[in-house]
Amino acid sequence: MMEGSRQTRVSRPYKISESSKVYRWAEHSGTVLQRLNEQRLRGLFCDVVLVADEQRLPAHRNLLAVCSDYFNSMFTLGMREAFQKEVELIGASYIGLKAVVDFLYGGELVLDGGNIDYVLETAHLLQIWTAVDFCCEYLEQEVSEDNYLYLQELASIYSLKRLDAFIDSFILSRFGTLSFTPAFLQNISMQKLCAYLGSSEVQRECEHDLLQAALQWLTQQPEREAHAYQVLENIHFPLIPKNDLLHRVKPAVCSLLPREANCEGFIEEAVRYHNSLAAQPVMQTKRTALRTTQECLLFVGGEVSERCLELSDDTCYLDAQSEQWVKETPLPARRSHHCVAVLGGFIFIAGGSFSRDNGGDAASNLLYRYDPRCKQWIKVASMNQRRVDFYLASIEDMLVAVGGRNENGALSSVETYSPKTDSWSYVAGLPRFTYGHAGTIYKDFVYISGGHDYQIGPYRKNLLCYDHRTDVWEERRPMSTARGWHSMCSLGDSIYSIGGSDDSLESMERFDVLGVEAYSPQCNQWTRVAPLLHANSESGVAVWEGRIYILGGYSWENTAFSKTVQVYDRDKDKWSEGTELPKAIAGVSACVCALKPRLEDKKKKGKGKRPQDHGQ
């Protein structure tokens with residue numbers, strides 16, 4: 001090599017891989033921002049000066065445009081400010097501007113009672129939504145019974161959906177107290193009042209309290225009477241006892257509001273509802289509905305394994321928060337191997353056995369109805385035939401009782417119950433005697449599968465479909481596994497046939513079936529899915545919050561009752577164990593229905609709610 005020449009490449013004594021690797025500077029963005037902030041504080045390389053309240057803040061256009069839609073538009077769309085060395089921000093305070101600019105450079109926003117109004121105003125003006133969101137989070141911590149109306153007005157001025165939703169939750173959880181305060185009655189808007197009165201989350205002792213709050217608001221100012229109909233249509237008058245409607249509510253409404261308000265019609269509607277006791281399930285409107293957003297998983301009745309108890313009259317629901325089974329109003333009579341259906345927000349219990357011998361001799365034809373609004377059971381029209389080990393469907397505005405058995409043996413008859421007439425009528429029967437089968441509803445069609453036709457012999461694989469519009473039963477593709485005393489339910493686009501038992505052809509001994517198969521009505525095809533963890537003959541079944549729940553049951557091989565709850569996750573095709581039942585039980589029914597919330601539950605629910613919406 002010539003003397004004085006530069007070596008341009010190091011000679012490699014060993015070979016180095018030609019594959020590339022990426023190395024990341026983890027602190028890069030933080031370091032860049034820190035150095036930019038240091039330059040800003042020293043006035044280095046700043047190309048714009050922001051002016052507010054005649055005070056100046058140097059900054060870098062590039063960073064402002066990256067962090068703020070407001071500045072991005074100002075500096076890129078040819079506005080005159082793009083060429084000015086100083087930009088005056090009308091409507092921004094220096095206190096707010098300095099806090100926001102410091103936040104853009106340092107990532108930290110200092111908020112306190114002295115600057116929050118200024119910072120919120122400036123952040124909203126400059127469209128720096130992360131800062132606005134932090135302001136909302138700060139204000140949520142400060143909401144109190146003294147300032148909630150001011151903060152609600154602030155949320156309205158700046159269209160702060162997150163803060164507005166939080167204050168709504170704050171008011172709803174304390175409505176019973178706040179709604180009678182002078183500040184609320186004088187300042188709350190008609191739109192907000194209607195939203196609160198129409199909410200399922202509103203805290204109150206009873207519906208009458210909401211009516212009183214509405215009447216107090218309406219009578220505060222004469223011009224509000226024009227809004228009486230809009231306000232009172234949110235009161236669930238049918239939830240008020242009939243005696244109170246006639247002797248307290250009607251006189252109050254008539255004396256406080258002019259006839260032109262047309263509000264007496266709400267009371268008349270509620271009285272008609274109370275007078276039509278049996279028809280109530282098919283008279284449902286928004287005003288007859290319970291004020292709740294959640295449905296509960298329940299089990300009713302059953303045969304328990306403990307001595308001296310035998311049959312149960314328990315009605316229990318699962319408290320999702322405590323994961324405990326809580327007792328609701330018990331059945332009027334002990335029952336097992338009955339059926340349950342929900343219609344119009346009412347729970348119906350039909351048939352079943354009134355003794356531990358459920359062979360059919362103790363079959364019942366009684367129909368009980370539970371109203372969660374008043375937590376009461378009543379007896380309505382009995383079925384034409386006594387039935388045990390049958391299926392009860394709820395479809396449109398009627399119930400359908402399918403097959404079963406009684407003291408005369410297996411049944412093929414099918415009958416429907418009309419709440420409107422409080423009567424049962426026979427419809428097209430099954431093509432064969434059937435009991436110990438299972439059923440479900442899918443898109444207004446009744447499906448039943450399996451079961452026995454006579455006392456002796458193996459169970460069936462058949463699947464039948466009933467169209468109530470044409471009153472016709474049709475055969476569908478049979479299951480791959482014969483079964484009886486099993487469970488059926490519909491979830492998504494599939495019908496599931498779950499567990500049960502069968503009799504051995506050789507020994508005639510009964511054995512447990514753990515297999516589960518899913519049926520596609522569109523394809524008329526069965527597919528095997530994950531099997532059960534435990535035997536489940538004569539168990540309760542319900543679909544709750546997108547999962548299948550199997551409650552209790554009986555194992556023929558182990559001759560044992562079960563208190564296990566098995567839960568199926570369709571997405572994972574996996575069974576797991578849920579909260580155990582209080583007792584080992586079989587011949588139990590399960591359903592999902594909205595229940596009247598306990599007052600303490602509503603108070604718990606109302607506290608600490610923090611909506612996570614975007615803070616705009």
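Placement of Cβ uses the backbone N, Cα and C atoms for every residue, glycine included.
Record features, source Swiss-Prot:
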type	residues	note
DOMAIN	46-113	domain 'BTB'
DOMAIN	148-250	domain 'BACK'
REPEAT	296-345	repeat 'Kelch 1'
REPEAT	346-397	repeat 'Kelch 2'
REPEAT	398-444	repeat 'Kelch 3'
REPEAT	446-493	repeat 'Kelch 4'
REPEAT	494-546	repeat 'Kelch 5'
REPEAT	547-595	repeat 'Kelch 6'
With the repeat 'Kelch 1' (296-345) as the reference, find which of 446-493, 494-546, 547-595 contributes the most Cβ pairs under 8 Å.
547-595
In the repeat 'Kelch 6' (547-595), how many residues does DSSP put in helix, strand and coil?
0 helix, 27 strand, 22 coil
For the repeat 'Kelch 3' (398-444), how many residues does DSSP put in helix, in strand and in coil?
0 helix, 25 strand, 22 coil
Can you give the mean pLDDT for the repeat 'Kelch 1' (296-345), rounded to a whole number?
93
